[in-house]
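Listed in Swiss-Prot:
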SIGNAL    1-20  signal peptide
COILED    150-176  coiled coil
REGION    211-265  region 'Disordered'
COMPBIAS  221-249  compositional bias 'Basic and acidic residues'
REGION    285-304  region 'Disordered'
REGION    330-353  region 'Disordered'
DISULFID  Cys386-Cys572  disulfide bond
Amino acid sequence: MWDYKHFLLLSLAFTSTVTALSKVLGDTDQVRMTSEGSDCRCKCIMRPLSKEACSRVKGGNMRVEDYYTVETVSSGSDCKCSCTAPPSSLNPCENEWKMEKMKKQAPELFKLQSMVDLLEGTLYSMDLMKVHSYINKVVSQMNTLEETIKTNLTRENDFMKESVVNLSNQMKKYENYSEIMLSIKKEISNLGYQLLQKDAPENKAQDTAGVKGLAKFPNNKKNEGDKSLSKVTKDKPPKAEKPKKEVSKTKQVPPQPTPRPRSPVLQPVVIRGVTYYKAGRQEDAENAAGNRESVVKGPHRGAKQEIRTEGNITEPYLIREERIVATQRATPTPTPTTTPTTTQSTTTTTTTRTTISTATEYPLTTLSSTVLGAEAETNKVREGECEGTIASVEQPKKQHSYGRNEGAWMKDPIAKDGRIYVTNYYYGNNLVEFRNLDNFKQGRWSNLYKVPYNWIGTGHVVFQGAFYYNRAFTKNIIKYDLKQRFVAAWTLLHDVVYEDTTPWKWRGHSDIDFAVDESGLWVIYPSVDYDYSQQEVIVISKLDPNDLSIKKETTWKTGLKRNSYGNCFIICGILYAVDVYNQKEGMISYAYDTHTDTEADPKLPFINEYAFTTQIDYNPKEKVLYAWDNGHQLTYKVNFVA
């Protein structure tokens, strides 16, 4: 092999030398053609001398046909062509004349040329069978190496498949563990609420009527004014410390206390907050679990008194704070009161009741509380406001031009104010809040939320003070509390068909889309129809806004195929889909009614004003559609069937 390498190197060196020599002697390209003009077609025709003609010319016997020519053929209105060829390519005699000149002028170069000829003959006279055998050996080695690599890759693929299966199993276990942790957290919170509610039976057993701080400040006693503020309570009146005598017929009964008389003093009453707790059935019987508590704070010694108001609250735990203006009330002078006392004997039982009271007027104090309603109404806007089927969608009205081509803007239909929330682009972690539409048009944002996990798509909604979105590149949906700024709920959609590849191009609509209508919160996502066509169809499901749970009885598989529509929205429990998003003249071409489980083709015109609509959401409070079209924010008024 060493000889072959050196031989090849020497041959390459000599070849390059000869090439350089030919350039020195003026041997250039055979034919060179140049053309000029805008409309030009050129053709060169070369007629060289033959070897016989060359020998005749050299011998002096030249004929008429012994000549060489280079003809130029051109065509076109604006054309200029020229063809040139070196004499060596047209006249073979030139090569012989060059050799003779080289012998005379440079004998060393002639020797070099002869050496090159010798090397070329040696190269072609070698045993090519040996080279062929070496090549076969190399090919067999390459085949063996390829088979070995395939075997190793197969093993590695099997190992990777097993690893992926193990990881998926671990993920399923982790999901189960996360559900268990959520249930444990709920149980712990329930236990905490029960511990808070346990004070009511204990206070009842101790006969303190929920008065806090009475042991520390014995002079602050509950008077008739306090009892008027808590008329609906079922707890017994508190016992004071000073005893008094009582008359009995058959035996002596322990005396009942009478509060000390006090002079009227003006005291401000400030209701700091109202807290609602969930009531159990047994605790309802004890009149303690469903109470609303208010703390009354007086100016003297900071004594706190607890007012318990009976109520039947069966909803989930609702904790609300309420502000109230402080009022002045006169502390009444307590009057002696003899509480009912029962005397017993062997034959008769006599009950003596003596009550002396003085009417005292107090200023009216109003507690303005707002209760969200029963559990069945937590996911509803207002059932009575549902208009029914769409008759038409009016022309869009442009509100503002803001942000990038893709995005979403929305309002909370439950909120009383007109705050606007914007997500610019279809991937990110920022939610921008504007106080109203005027501030949005001026670009004056009032709040900026950075969610802990990135959102993707434009199918987000804001509902009941929370931001609902799809976590990027996952099947998870998240509820982000805007007031507390933390993730309040997290759920995995098991049957969703999700493309986990990086979608750096807008595909027409979001994979997971939220919607809000008169009945509450919905989620729209693609799933595989394993029962019939094995195709990917759109599924709509009612969501519990508290924990994002999904029930089978409120989940419907529609006949709408994935990637066959532009955008969709839900009104009054009916899913509507627009056929295109990137054409101005669109149409609502599909509707699915969850009440009757039927589908139809409404064929209602829908205008994509700027031919790139990335979001359409319905606002049940305003009865309009919010849309983001190529960086423009639009609203559509919806007309319903009368």
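Glycine too: its Cβ is placed from the backbone N, Cα and C atoms.
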Who are the chain neighbours of the coiled coil (150-176) in space, where the CB to CB distance is under 8 Å and they lie at least 6 residues beyond its ends?
492
How many neighbouring Cβ atoms, not counting its own, are there within 10 Å of the Cβ of Cys572 (disulfide bond)?
19
For Cys386 (disulfide bond), which residues in the same chain are close in space, meaning a Cβ under 8 Å from its Cβ, but six or more apart along the sequence?
Asp517, Glu518, Ser519, Cys572, Gly573, Pro620
